[in-house]
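**Student:** Sharing the features that TrEMBL gives for it:
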type	residues	note
REGION	1-87	region 'Disordered'
COMPBIAS	50-63	compositional bias 'Polar residues'
COMPBIAS	70-81	compositional bias 'Pro residues'
REGION	132-153	region 'Disordered'
REGION	323-354	region 'Disordered'
REPEAT	403-437	repeat 'WD'
REPEAT	447-488	repeat 'WD'
REPEAT	533-565	repeat 'WD'
REPEAT	633-664	repeat 'WD'
REPEAT	665-698	repeat 'WD'
Amino acid sequence: MGENCRHRSRGSGSPTRHEAPPTPRHRRQQPRSACSPAEKGIPALASPLDLQTQTRGASTQTRGFLYGAPRPPALQPPPQPGGRVAARGCRAGALRRWHLRTWEPPLLPPGPGLRSSTAVMSAAIAALAASYGSGSGSESDSDSEGGRCPLPAADSLMHLTKSPSAKPSLAVAVDAAPEVAVKEDLETGVHLDPAVKEVQYNPTYETMFAPEFGPENPFRTQQMAAPRNMLSGYAEPAHINDFMFEQQRRTFATYGYALDPSLDNQVTTKYIGSVEEAEKNQGLTVFETGQKKIEKRKKFKENDASNIDGFLGPWAKYVDEKDVAKPSEEEQKELDEITAKRQKKGKLEEEKPGEEKTILHVKEMYDYQGRSYLHIPQDVGVNLRSSVPPEKCYLPKKQIHVWSGHTKGVSAVRLFPLSGHLLLSCSMDCKIKLWEVYGDRRCLRTFIGHSKAVRDICFNTAGTQFLSAAYDRYLKLWDTETGQCISRFTNRKVPYCVKFNPDEDKQNLFVAGMSDKKIVQWDIRSGEIVQEYDRHLGAVNTIVFVDENRRFVSTSDDKSLRVWEWDIPVDFKYIAEPSMHSMPAVTLSPNGKWLACQSMDNQILIFGAQNRFRLNKKKIFKGHMVAGYACQVDFSPDMSYVISGDGNGKLNIWDWKTTKLYSRFKAHDKVCIGAVWHPHETSKVITCGWDGLIKLWD
């Protein structure tokens, strides 16, 4: 069937020819047989201006797509394996949907081909009914009439005939998971975790009560392995009133007996626990016995306020009150035993100070002029009596001498005051040694008297005496020349640092930082404590005198720095920042203006030593590792360098102005704990370490 369709009009039975209206532009397609509009009998369209002036025909017309007519692309059915027969149903369904749609015909020039809208609609409906009803008859009629563009019969009926060559395609079934023979018996089903309290589905009885899989914990005790439904064990459900349960529990806790819960107590009454107590109390519970009224203690009564001397009022004593509490004989025995034990412990703690003795290592103590080793030599090439520091200092380059004599690590070294021609060292081998710095550099004398490691030493201003602080809780005063122990001091606490007052008129006073957070001041002449500075919150590590010896600075494990006036036990300056660390080693600069503090965060901090005691943020010396060690800091005499040991046994030298690390070299095998720059030499540095050696560098 072509695009020209034959319709039957409602009014007359004679068939009339009606030309189907043209397809809109967006739906227009080329028919199967290429026919021009002129061949189909459709007159040529007028220009757009002419079309605007013409009146439109029917407002709406039913648009019909008959068999054989071209379809829009949206209605083309997808290819089906069933061939054309299967496609017919899809087409018919699509056609039914499209029949109900309306369209507005384009403007056509008036001519004999146009009829009224009613006639056109009736003709289209009749044609559709005839095509669906009569099947191939209407198609043969339209073909016999012959249009302007006749189609071959084979093409027009192609969609109705079944192609003989079309064969149904066979789908090959592919099994992605074939069955595999299994040797072992596989257990199927869902396994429940025994610890799960709630399940989201209805498990079967076999799933719920299946045995547990997996190995048992070999370390479980019998109590832990037993079935439990609460922390302390397995509580069986029992029909008992909460009040009754609490009553029996409290009775058992108070009197030691309770009803036996395993028996029916309505028939027989049996108790568990203290049966004798139950019989004595006749089985009464805590709620039934009731508290006995405690008789109040009687007081002496005298409430007459007019009796001035005898009035007692609320302050009256009890009748049975005893004024003196005297222990009984048994109690007295126990007390005596306790006091005896305490006294024994105290005797053990109060260790007797070790016997002090000294060893002179040189043949003659005095020279031909009767001078001892305390005499300052004048033939060493340097004026040791001068108070003027050298003009220019240089970096030490090489090791020129090693003093060996200590069997354990050296804790500290101190040069002889002013001249520096002698060196005093204390060690963990409980000994103190005095060495020559010039000449043969011999060990002059050994001081023995401490029973534990010596922590700190300090010369007096003249150098004739020195103090030693050790872990045996004793501070001892020694004579430098003779080696005699002059006196000893203790307050049963470990002294961590000790310092003489540098003033000439206060050479009989010294202070010591103790492990019990106190700074204790002793008088040598009386041997008694004359002052205590108790403000720190941790063990005191260092004491340094500043401001012409009127004040002293102390640091502690409480990460603070405190400044004290001499003999006033209240600190007038307290420096503590959240970012500060403990500073276990502090040194005053030669010009007395700066304090170099070895901080536990691997830095050397510089504080002003005059008035404000402010941190100098521009002078921070870094690059060494000292965390955990109280490594001593020192300055060169001309204030051009800062030196310090570190935890790796290296000696570090910084430039004072730029804070740059100028030099670093290995000085000791273990921790380099002390470093001292000689006050009269341009480049001589003395170091000590935990390897037991003292070294001289130049």
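Going from the start of the chain as shown, residues are counted 1 onward.
Keep in mind that glycine also has a Cβ here, set from the backbone N, Cα and C atoms.
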**Student:** Which residues, given as numbers and ranges, are at least 6 beyond the ends of the repeat 'WD' (633-664) yet have a Cβ under 8 Å from it?
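**Tutor:** Here the qualifying positions are 389-393, 395-396, 585-587, 589-591, 596-598, 604, 618-627, 670-681, 685, 687, 689, 691, 697.
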**Student:** When each of 403-437, 447-488, 533-565 is checked against the repeat 'WD' (665-698) for Cβ pairs under 8 Å, which one has the most?
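**Tutor:** Maximum Cβ contact count belongs to 403-437.
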**Student:** Please average pLDDT over the repeat 'WD' (447-488) for the predicted structure.
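**Tutor:** When the pLDDT values over the repeat 'WD' (447-488) are averaged, the result is 95.
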**Student:** Within the repeat 'WD' (533-565), count helix residues (DSSP H, G, I), strand residues (E, B) and coil residues, in that order.
**Tutor:** 0 helix, 19 strand, 14 coil
